[in-house]
Each structure stands twice: as structure tokens, then as C-alpha cells.
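To keep things clear, I will list the structure first and then write my remarks on it.
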Amino acid sequence: MESTPLEPFTSLTPELTERLREQTLNVLSYLVKTNSATTYFKESAILPQFRAALHLTDGQIEPLDFSATELFEIYRNNVGLSIYEDYFPVISRLFERQCNMSSVENLMAPGLPSNNAGKNCSLVSLTYRQVVTPLDGDGDIAKHIPVCLVSSGCYRIENSMPVENDAFSVTLKIPRYSSPIAISLIPNYKSGLFMHALFALAEPKLETISIMFTTACRDLCRTIDNRWEDLIHCIETGVITDLDGIAAVKDNLQDFLQPNPDRVEELRRIGKTTDTPGWFRQIWPQLRVILANASGPFATLIPEIRHYAGPDVSVQSVVIASSEAFFGRCFLPVDKPEESKYLAQSWNVELGRKYEVVLTTRDGFWRYRLGDVVEIAGFNPRDGPPLIRYMGARFIFQVNLMYLTLVAAATLRNVIDATSDLFGGVSEFCVSPDYRQAVARYAFFVELQGDPGANISAVPTALHDQLQKHNENYLRDSQMGKIGVPCVRVVQPGTFGDYRGWKVATKGAAAGQVKVAVVIWVEADRAWLEERVMYDI
């Protein structure tokens, strides 16, 4: 019998506080001592005060003979916040025309950057932007390092798939996974979704769907829905159809698809019963869980995914991670000045308070500002770490409309949630400034989950009222006539899925983690969305 999950604590016990503090100090001590031998530590313009406090001189590393507590105090008082630009001069050495191993070894962490980073349908992208090949002293290639997503790197590590072996890897299919590895190297977003859907449908014993974000999960659901007959035809004939971006791996995929008349008969008997919740449980009776990041801006997709999957399939966010690191060491309150002296540690954050995550990692970040804002939702009752609720990105956390009105991105999501019934159900949305009238206003680009609500005409006024309720700046400026009632622009079904595909194809976005920002500023993106508007409210 499974044990009942423990409820999160609302505050830490003295014992958990001390345990968490000791653990954090020991980890920090290890990170500092390990990374003190790196190029970044020696050359960084943000660490000279720290080096001086450790009695080190530039270019000279002495043994760091400090206790964990002593080192923490020195670190806390002498290391400021860092951003991407602080690391660029060092990281750029990886991309020099002739990259020598001696110049990139021990850059931010000891050694060279690593390139090893029932059935399950796991959607992972192994594509990469480029492969860095540093040379050894003899001018030979010392290593192949793909520039890729952290999820891609971790998948390669877990399955021992160095990039130089990709020609062999595409001939493989990992046991207990429905999709051949070759699908992960398809650069076209929609073609990749089709192929994952095809091999998942061919597998009747699917138990888990694992994917990075609910947005991609919803796109997979709609691919199965919209391409149902095409998918069944492929399973019936055992022939891989021609799609954009699959030529390089089509033969490899074909090796894993054989005609399966029994499965086709089963699927045709089930049919497209999308009007009834739980269609996926008819297709896959053993399906029990969908693993996808469903917090923050990804939460609006949960109702639609639950409709496809049914009430007996759980939707779980297993981990809150980032491309920069899997966890942060300290937290910067969003209501305090953006200075390191205001940083809170994991053992003294406050329940319900919002913080920006700041990272110190084994890969060489030193109080790096991640830019993501989280809310403390409680504390793990077993060992104390704070449980966090993702709120949004701080650097786009405020929408500045004509430099007049500031509204948090999280507030925009709350406003949509409060008016969702009037819409008839919102699948996805984003917001852009609208200057088509004399008075500026917000334009909400909205994709509906189904038919419009009976009272959808009341949505703009309801949005306006909610924004006034939740934001003092908006209330003040609207009362002064500086900002007008929002407009709502309903886009075609599937628009946001197409938008993700467009970003991958035209902007080099990573297929494995492509997402739509809550706030759209780029004119080309806004114009692309406007072309898909069906009607304004």
C-alpha cells in the first residue's frame, strides 16, 4: 500500500532549518573550491573583491583553507549579482574560428564542456545549433561539443549518445520508448510531432507521455486529433509519409514501422471520440500519467489536455528546471532593490513571497540572475527545501505600454483565468500593445478551446475591470484616459502550435523547448499573429 503524501510545511522547524543551512553551506564550499581553478574565476570582472577577501592574487590560486561557514560569509559579503554579459567574454572563446583545447579547458568549470549531457512516449529534441571542435596541441580535434538544450545534453548523457555517433544512434530505438531516436533529430517541429504521434499510436501499451511543456503536449494531442486518418493510414500500410525535414532520417524511421492491421482495426473501432473526455484512455488503456511542466504560463493548457486524457490520467510537473541549471542557491525578493545584499537563502525565504532565482552552480555560474520569478508555496516536510510555484520571467515580468502602464505578466494570466468562462475556455493567449486607436491599449491574442462563450462580447470590459482591480497603475492610467479598454483578437484554432513551428523554422528556436512569451514585442511576431486573427471582440 502506497504511503499518503505528506502535506508541505508552511514554515521550517529548527531542525530542518539547521539541516538545510548545513547542506547549502557544504555545497557552496564544494562549488567555490572546485571552480576556483577556472579561467572565469581568475579573470572575471565581478570577482576581484571575492578573490581579495580570499587573499588570492590574479593568476595565483592558493589552497582555500576555510570552513564552510567562513567561506559562506566571505562569499555572501563579496560576490555581487551576475548576468549573461558577464560570462560572454569567456564563453565566446568556444566559438572562435580556431578553437584550441588549451584556451577552452577549465573555462567556467574544470575540464572541457561536456557533450554527454510499459512503453513511454518521450518527446526529446537532440538537434543542435552547431558542434564546437576544440583542437589539441597537434591540431587534431580533441572533442565534439554540441551547442544544444540542456535537456538534449542530459538525454545524451543518460543514453551514452555523443554527437559524433549520431549516424549510428539514428538506427536505434531505446527499449520501453515508443519513438525511435531518429525522430529526435528532425528539425521541423510539426513533422517531429507527427512522427512521435505515429509511433505512439502504433504502441497499444503506452503508459507515459513525457514532454517538456504542456504547450507541446497540447500540440501532440491536436496532431493526433487533426491527422487521425493520416496516422492510421501509415500504421495500416507500414509506410512513412513524406514530411518536411525528415529526409535525412526517413529510412531509419521506416525500419521501425511495419504494417499492423490488428492495431488499425482496434483504432478504427475506437474512432475519433473527441467529444467525450478520456479519448486517450481508449487508445491506450494503460496510460496513467503525462509528465510536463504545467505551472505558470503553461497552466492554461491543462483543461484541454485533461479532456483528451480523461480524469484517470494525472498531469504532473516532475521538475522545475532551466537551461542554465536545475536549481538555485539563493533568492532575490522582487520587492527589494536588485542588489546581492538583499538575497535570501533557502532556509530563510518566506511563504507566499515572490523571488527571482539566483544561481551558483557546478558549471560555473556565480550568483547568476536567472530572471525567473517564483513564489514560495511551502517547504518539503522531509528535508526542508522550499517548494516553488513558477510565476514568470522577471525581465518581461512587467509590460510597459507606451511607458505608461506597468502590469505583471502573472497578473495578465490571472485576468485571463478570471474571465475564461466568458470566453468559453481559453487554450492559449499572449498580449501585445495595440496602437490602432488614439488611446493605446492591450491586445489579447486568444485561441479558444472550443466554441465562443455566449457572453464573449462582454470580455473586453471584463478584462478592463479585472486589470483595474489587480493593478493600481492600470487603474490610475485608465481613469486618466491614458489607456483604453483592451481589445480581444480571436485567432484560428492551432495558431499557437503553428507559431511554435514558425519560430523553430525561421528563428532557430529549439524544437524541444520552444514556447510563446506572455508578452509579444517583436513586430514580425505580432504581424504573424495578426494574419491569423478570425475576428475582434
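Glycine is no exception: its Cβ is also placed from the backbone N, Cα and C atoms.
The domain 'GH3 middle' annotation in TrEMBL covers 331-380. Note on the domain 'GH3 middle' (331-380): its mean pLDDT in the predicted model is 89.
Marked as domain 'GH3 C-terminal' by TrEMBL: 412-519.
Note on the domain 'GH3 C-terminal' (412-519): DSSP counts are 48 helix, 23 strand, 37 coil. For the domain 'GH3 middle' (331-380), the DSSP-based tally of helix, strand and coil residues reads 3 helix, 23 strand, 24 coil.
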